[in-house]
Every structure is written in C-alpha cells, then in structure tokens.
Amino acid sequence: MSRSQNEEFQQWWNKQRDRPTTNHDVLYTGDDEAFLTVEIRTPVVDDPDKDRIRTRSARQLSRLYLLKFKQLASSFLWIGHSFLYLLRTANRRIANDNPPSVSSSARLYRLIKGFLVLVVLLLFFELAAYFKGWHFTPPSVASAEVALEVVYAWWLEIRASYLAPPLQSLTNVCIVLFLIQSVDRLVLVLGCFWIKLRRIKPVASMEYPTKLVGDGVRLEDYPMVIVQIPMCNEKEVYQQSIGAVCMLDWPRERMLVQVLDDSSESDVQQLIKAEVQKWQQRGVRIVYRHRLIRTGYKAGNLKAAMNCDYVKDYEFVAIFDADFQPPPNFLKKTVPHFKGNDELALVQTRWAFVNKDENLLTRLQNINLSFHFEVEQQVNGVFINFFGFNGTAGVWRIKALEDCGGWLERTTVEDMDIAVRAHLCGWKFIYLNDVKCLCELPESYEAYKKQQYRWHSGPMQLFRLCFFDILRSKVSAAKKANMIFLFFLLRKLILPFYSFTLFCVILPLTMFFPEANLPSWVVCYIPGIMSILNIIPAPRSFPFIVPYLLFENTMSVTKFGAMISGLFKFGSSYEWVVTKKLGRSSEADLVAYAESGSLAEATTLQRSSSDSGLTELSKLGAAKKVGKTKRNRLYRTEIALAFILLAASVRSLLSAQGIHFYFLLFQGITFVVVGLDLIGEQVS
C-alpha cells in the first residue's frame with residue numbers, strides 16, 4: 001500500500017472512531033491503534049410483521065403437538081386392541097385344549113397358577129419397599145411409623161424366622177439329590193470312555209455269509225424268526241416300514257412278517273391291507289392281523305399276535321414300530337449273538353434319526369437320545385447285562401418272553417415292564433451300538449410332549465406294581481439295589497423331581513426369601529458341566545448347548561407332572577397317544593423308488609445304515625410331505641411358569657444378583673417360547 005493511500009485510510013479510520021455510537025454494525029474502541037476492540041452488534045430491525053410471525057409459529061407448533069398426540073393415542077389404541085385380540089386368542093386356544101379336569105396336569109396347573117398369584121403379590125410388595133428405600137435400611141417393628149412400614153417390618157421377621165429355614169432345608173435336600181444324580185451321570189460317561197478305550201463290544205460266536213446259502217451255511221442254520229410291525233392309524237409311515245422289513249436279508253422260508261394293525265380308520269386299514277397284498281404277490285411270507293377288540297394298546301396287540309398257533313414253530317421275534325426301517329443285514333447282525341448263549345433274552349440295537357436336523361426341537365431330542373444309547377444303554381449292557389428295552393429295533397428269544405409271563409397290559413411302558421420281569425427271571429441282555437435302525441423324531445412340541453408324558457408316567461406305574469416283586473426275586477442283592485435305587489428311583493423319579501423343584505420353584509422363591517441361599521454353582525456351573533457331558537455323544541450339537549440346558553429345564557414340568565401321575569395312579573397316566581410322525585424320507589424310500597418290480601432285484605440294492613448323507617432322499621420325501629397349515633397352540637402351564645420366572649428375575653435385579661438374574665431371565669424367555677408353541681415343526 002502506498003503512503004497516500006495509507007494516509008487516506010488513517011483519516012477515514014479516525015472519523016469512524018470519533019462518530020457517536022448508535023445502532024451500527026461494528027463498534028471500534030481503544031486508544032491504542034495497535035490494539036482495538038471490535039464489538040459486533042446485530043442491527044435492530046423494526047419489522048411490523050414480527051408479532052404476526054410469532055403468532056403463526058405458535059399456532060403451527062400447537063398443531064404439530066396435536067398431531068403427535070393423535071399419533072400417540074392411535075398407537076396406544078392399536079396396542080390395546082392387539083392385546084385384547086391376543087387375550088381372546090389365548091382364551092380360545094386354552095378352551096379348545098380341553099384338558100381333563102381330573103388329570104394331574106390340571107391339578108399341577110392350578111397349583112402353579114396359585115404360585116403365580118403369590119409371586120406377583122410379593123413382587124409388588126418388594127417394589128414398593130424398594131422405592132421407599134427400605135431395602136437399604138430395613139425397618140423394625142419398634143421404629144416403624146407408617147402402616148405399610150409396620151407390615152413390611154413384620155414380614156421381614158416372619159420371613160427370616162419361619163419361612164426361610166424350611167425353604168433352605170428343602171433347597172439343601174434338592175442340592176444333595178442334584179449332586180448324586182450328577183455323580184451317576186459322570187460315572188456313566190467314564191464307563192463309556194472305558195468301553196471306547198478298551199474297544200469293548202459284544203462279539204457273536206458266528207457270522208452269516210453275504211449269500212444266504214453257501215460257504216458251509218445251510219438253510220437249517222438260519223433260525224425261524226417272526227418280524228412284528230405294530231401300528232395304529234400311521235398312514236404316513238406304514239409303507240416304508242413294511243417295505244424295509246420285507247427286504248431283510250434272510251431266507252423267506254425262515255421268516256414270517258406280521259403286520260399288527262390296530263387302526264380305527266377304515267381307509268388306513270385298506271391302505272395297509274393293499275400294501276401287505278403287494279408284498280405277498282412278490283413271494284414274501286407276510287400276514288395282516290387286525291383286532292376287533294382293541295384293548296391294552298401296544299401290549300394287547302403284541303400279546304394277541306403271540307397267541308397264534310404257528311408261533312410255537314419260531315425261535316425269535318423281532319419288533320419294529322411303524323416308523324422304523326431296519327437295514328437289510330439287521331437279522332444277520334443280531335441273531336448270531338444268541339448262538340451258544342442260552343441265557344440271552346434280548347438283543348437291542350441303536351436308533352438313528354432321518355430328521356435330526358429338521359428343526360431346533362429335533363436337534364435337542366437328538367442330544368438326549370444320543371446320550372441314552374451311546375452312554376446309558378451301552379454301559380448298562382456291558383457291565384450289568386440289563387437295561388430297559390426300547391420297545392422296538394430289538395430281537396427277543398420267544399422262550400424268554402414266555403418264561404417271564406409275556407406281554408402285560410398293566411402299564412403304558414410294556415417294553416420296560418417285560419424287560420424288568422425278564423431280568424428278575426435271570427435273563428441277560430446285549431446292546432449293539434454299531435447296528436443302527438432308522439426312525440423318525442417327533443417334529444412338533446405337541447407330539448413330543450405327549451410322548452415324554454407317557455415315557456415318564458409309565459415307569460412310575462411299573463415301579464409301584466413291581467416293587468415287591470423285585471424284593472421277592474431270586475436275583476442278587478446288588479441287582480436288586482441297582483434296579484430299585486438307580487434304574488427307578490434315581491433316573492426315573494429323582495431326576496424330574498429335583499429338576500422341576502430346584503429350578504422352577506425353589507430358585508424363584510429364594511429371590512423373594514433372600515435368607516435362603518441357592519449357590520451360583522448349583523444354578524450355573526454344575527448344570528453347564530452336565531450339559532457338556534450330555535452333548536459329548538453328539539458333538540455336532542455343541543452350538544446348541546445353552547438352548548439344550550434351558551429346554552431340559554422347561555421340559556421338567558411335563559416330566560414332573562407325568563411322574564406324579566404315574567406314582568399316585570391318576571387317570572391320565574393310563575392314556576396312550578400314538579406319537580405323530582410325518583413320514584420323512586429314508587433309505588426305504590429310495591429303495592421303493594428304485595426297485596424295478598421284483599424283490600430279488602430290490603434286495604441287491606445296497607443301503608447304508610448311517611443316519612447321514614440323506615440329501616437326495618430328502619428331495620424325494622419332500623414331494624410326499626403334505627403342506628398343511630399348522631396352528632400354534634398355547635400351553636398355559638408353561639406360560640404361567642414363564643411369568644413366575646420373569647417376576648423372580650425382576651426381584652433378583654433389585655438385589656443385584658447377576659447369575660441368578662440372567663438364568664431366570666433366559667429360562668423365563670424359554671418358557672415363553674415353548675408356551676407359545678414356537679419351537680418345533682414350524683421353526684425349520
């Protein structure tokens with residue numbers, strides 16, 4: 001900048017500084033030219049429309065708030081309408097459930113409903129005390145002033161002196177039972193490891209060649225075998241079971257197939273008759289039997305079949321339920337074990353499942369049954385030669401059946417009944433873990449619940465009926481103790497009792513009675529270890545270990561109710577409901593699809609007894625699946641227990657009990673999922 005321009009700027013600057021201050025935009029102050037203070041002001045604008053703009057903005061804001069209020073009100077109305085619709089739907093589904101009023105499940109539901117009311121009242125009482133601050137400084141009866149404070153002080157004294165001690169005693173008893181059952185489970189797992197380590201397994205004294213006759217084996221070397229297929233209205237699976245049995249690799253002259261049809265539907269009877277006639281035309285010795293008086297359920301059906309005159313000509317009987325498909329070499333793998341072993345009554349084989357990965361429910365069932373067969377059955381078969389007959393996929397010596405009194409109709413677990421009586425008569429059993437028989441798991445929670453109810457009520461019926469027979473039997477004292485304390489009491493009675501009592505009753509109560517303590521290791525650590533042990537036989541299911549633990553606790557209410565029903569002889573304990581099956585694809589489907597019309601050609605097809613690699617078979621079975629819309633049911637007992645556990649989780653949150661809170665929260669959510677029937681068939 002030149003000197004003349006600098007002087008002009010200095011003169012202008014001095015004039016601006018000397019002017020009086022008004023509503024200027026910028027004000028310069030300060031005497032020192034090097035340091036000036038600059039104040040920026042907003043000019044005052046006299047706008048005549050200023051008040052009108054403000055009025056219009058306020059009116060628009062009011063309309064905006066009114067619109068928001070209308071949206072909020074409509075949202076609340078929608079929520080209320082949805083809640084009422086949910087209540088009406090729940091009431092309709094519960095009403096359509098038609099539970100028998102005299103059944104143990106109805107009695108148990110009434111008790112749980114009363115327990116729920118008590119828990120909710122206690123929760124509101126504790127919430128009121130928490131917001132009053134009484135949790136931090138508990139009041140005493142002498143210092144209390146308000147009526148509610150006096151009531152709470154009395155409650156604290158009664159709770160600590162009279163209610164908590166008996167609850168703590170019950171807790172200690174259940175903990176002891178829990179530890180005993182855990183030790184039993186650990187011993188079984190160690191026994192299984194020992195069997196695997198030493199490669200112990202039953203060895204037959206002979207083997208049949210691949211060809212039926214030849215290599216020094218005559219037709220007379222094959223014993224006479226009856227194969228029985230009891231069924232009742234199972235139109236989805238009858239074809240594959242009959243087809244698989246008729247293609248067993250055994251001389252036709254030495255095998256007779258009995259199809260024992262107890263179906264009450266005439267169209268199902270005609271379908272089964274037509275299937276039997278088809279195989280008769282192909283040269284298979286197969287007969288169709290239908291009872292006019294269908295009493296005694298499956299036991300009555302098998303008993304009537306064994307009363308036929310021609311049974312005396314046969315030495316063994318193999319039994320398969322309607323959804324089971326044995327591999328072609330089934331008889332060649334099982335019958336040789338009877339050779340030279342006259343004390344052997346039963347050869348039981350393992351189940352394999354064609355639909356174990358169908359949904360979450362089938363995956364959880366696979367964990368349980370894999371442990372049952374891989375550990376329980378195998379260990380008991382190797383070390384004590386006794387286990388419960390699974391009712392199917394086994395071969396019996398007919399002489400042993402007759403010796404122990406045959407099939408009896410006194411319980412709904414006729415398979416366990418005859419196994420116990422045969423063991424008391426001195427007969428021995430063998431379990432073959434490497435011979436697998438394909439079958440199907442129930443895919444809906446409704447079917448699974450009915451199956452588990454029958455499986456847990458029947459053993460208690462049987463224990464009540466045969467207790468004195470066990471004491472009077474001639475077997476050793478060790479075998480009597482094993483049957484009474486391990487087989488019946490520990491694994492059939494104590495397990496469902498402590499599971500339900502400890503995790504569904506005592507744990508919620510300890511949240512409202514903090515003087516009674518349930519240790520963290522009982523709630524979390526020991527159950528987690530036991531779940532890991534249970535899942536070892538099915539390692540692919542390890543990602544489902546947490547759902548498995550929660551679901552087993554959820555099923556404890558069904559098992560507990562069934563156990564009480566069977567023990568005290570309630571009417572519902574004698575109900576038999578056939579487990580619903582869907583006829584999933586299997587090797588039998590592939591054989592039926594591939595056969596060219598003659599049995600000789602069909603028997604040349606090689607089928608694996610493995611329960612994996614069924615992708616192509618699943619595609620074939622998909623065409624058979626009937627697409628019916630499934631309507632979810634509502635299980636009121638599970639829903640009531642869900643509210644109990646969730647209320648207890650809120651109470652535990654007030655006391656800052658971390659592990660207990662998370663366990664109660666997730667267990668309550670699991671009960672909600674099961675109670676709303678969201679697990680099973682439709683979760684695919």
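Cβ coordinates are placed from backbone N, Cα and C, and glycine is handled just like the others.
Quick look at what TrEMBL annotates:
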DOMAIN    317-511  domain 'Glycosyltransferase 2-like'
TRANSMEM  108-131  transmembrane segment
TRANSMEM  170-195  transmembrane segment
TRANSMEM  493-512  transmembrane segment
TRANSMEM  634-653  transmembrane segment
TRANSMEM  659-679  transmembrane segment
Name the range, of those listed as 170-195, 493-512, 634-653, that has the largest tally of Cβ pairs under 8 Å with the transmembrane segment (108-131). 634-653
May I ask for the residues of the chain that lie six or more residues beyond the transmembrane segment (170-195) and have a Cβ under 8 Å from a Cβ within it? 201, 374-376, 378-379, 382-383, 486, 490-491, 494-495, 497-498, 501-502, 506, 510, 516-519, 522, 526, 529-530, 533-534, 536-537
Which whole-number mean pLDDT does the model give the domain 'Glycosyltransferase 2-like' (317-511)? 95
